[in-house]
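First up is the structure itself, then whatever we jot down about it.
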Amino acid sequence: MRLLPALTALSLTTLGVAVASPPAHAGGHTAPPKVPTATGYGGAVSTVDADATAIGLDVLRRGGNAVDAAVAAAAAIGVTEPFSAGIGGGGFFVYYDARSRTVSTIDGRETAPAAATEKYFIDPADGLPYDFNEARVSGLSAGVPGTPATWETALKRWGTRSLGAALEPAARLAERGFVVDATFRQQIADIAGAFGQFESTKKLYLPGGQPPAVGSIQRNPDMAATYRLLGKRGAGAFYRGALAEDIVETVQRPPLAAEPVGTWAYPIRPGVLTEADLAAYRLRFPAPTRSDYRGLTLYGMSTPSSGGTAVGEALNIIEAGLPKSATTADKLHYYLESSALAFADRNRYVGAYTEKEVLKKLISDRWAAQRACEISRTTALTKPVPPGDLNGSGCATATTGGKVEEGQSTSNLTVADRWGNVVEYTFTLEATGGNAMVVPGRGFLLNNELTDFNFAPTQGAAPDPNLPGPGKRPRSSMSPTIVLKGGKPFLALGSPGGASIITTVLQVLVNRIDLGMTLPQAMAAPRASQRNSAGIQAEPAFRTTYGPQLTARGHTFGPDVAELGAATAIEFTRGGGFIATAEPVRRGGGAAAVVHPTR
Ligand code: GLU
């Protein structure tokens, strides 16, 4: 947290003035200053939050490994960035183990109740899909969270600390409190109409009927107690027993406020999640996606995330199609075209249950060659482009595009340790503030991840791979990615941003690998996202810099967007060092740190 509005941060940084932390406050805790790039040795951490980074770094300093530090930092994010991610949500954990030189993943995605059907988000009253916000702020949108199980299992498999030890620094932070900054306050203000409908959420986040003042202290003793309960009894205490009962109660009988603050335009519908659904939750451990790009090997997240296949497919298309004599404008043109093609294929083919053969095909060089032949060097394709035909050859066609998803929340972190282990972890509640329901007495918000399902078919006559179903996981765009060079870590990165996660990760890779930027430059460069819609969503600086060259080829821009993503990344240098990077400006800037600045 500790964010200033983006514009203020931008002008201050541009002037070369350090961005000041909020003032210290009696009894409160002031976060360390945020640094977007840190280079050095002995281990590195990059997150969006200064407290989380400091907590992760402290674990590394005390001899913990990357997994210990990642879980401790993630738990801190759950405290200071509670609207983006936490134990009420899910995520994807990608881990490179230095000793075995292997990449493993944990799929901690939220899961739909057993009672969910294809028509889960169709209003029985009129047969039409619910509005997004109506579905979001309801018991229906909350899937069984996977985050507590993810943390515990990551520690058991690869860590050296107990869950209790990893959660304790964050529990202390929740208990002692932290200083509210402008972004924390604004995130509450943006969703205050929904927060004000629930007694528990109102009490925690709308003291006196208002979002907390900037500079005030935000405490969450209930969350501290929940973390300590999990620490003592294990993540099983989340999925069975009193805490599980409280979650089910919240979903089935939303804790409506006796005196709501503000208004909410929709009825608040109960959900159908049961204690049996919670007890049945299981993590998955899918093999990572694997693809090659310019001599590097990329490991990404497989289904239910579409991140690994979409990033891999787009890079393969660039590699197959980009002419040797390419200019910067050519490279960006291919970046945008390949991403539109990859999104068309993702929308048509990728969901929780996509067969392995299809995933393999989408990420194959042969498929990339077939898709690359659609691209002209001089003239942009008309969007939306159709998905490719899995049984076709040459420039294939079928029909229809897909919905353009907008995400607003989520957190990403990257950690590396002195032994060479690496964690890339993206976790989320889906929208900022999840389904807006704090579980009473437990201090955490529930997710609205199930709204990542398509509410109604999007693929015309073809089957839609992302409709709801019993026990099904919604398709994600989260793209935690670890890149190896000669079998050793070269780069690890990820970002929030809904479906634009895929393009942010892709663009940072293209910036770094093809446009010759350093990693900090690649992260800071203006972003654009082409997700197979008519207009390119672009940050104003991208449009100003590259707009004329790209519109000359027929690309269309709009609507503009203030910022895309909030990435974190670490690059591994030849001499065993780290370049840890976070956003210099987006979302108020992130916090990178290394254990030793010099060798
Ligand atoms: N729910 C989104 C996904 O899993 C992430 C939301 C966001 O980043 O805003 O793809």
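Even glycines carry a Cβ here, placed using N, Cα and C.
Remember, predicted model here, so these are calculated numbers, not experimental data.
Per TrEMBL, the features are:
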SIGNAL    1-26  signal peptide
BINDING   R109, D452, S476, S477, G498  L-glutamate binding site
REGION    383-411  region 'Disordered'
ACT_SITE  T410  active site, nucleophile
REGION    457-478  region 'Disordered'
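D452 (L-glutamate binding site) falls within a helix when secondary structure is assigned with DSSP. Whole-number maximum of the Cα to Cα distances across the L-glutamate-binding residues R109, D452, S476, S477, G498: 14 angstrom. Mapped onto DSSP helix, strand and coil, the region 'Disordered' (457-478) counts 0 helix, 1 strand, 21 coil.
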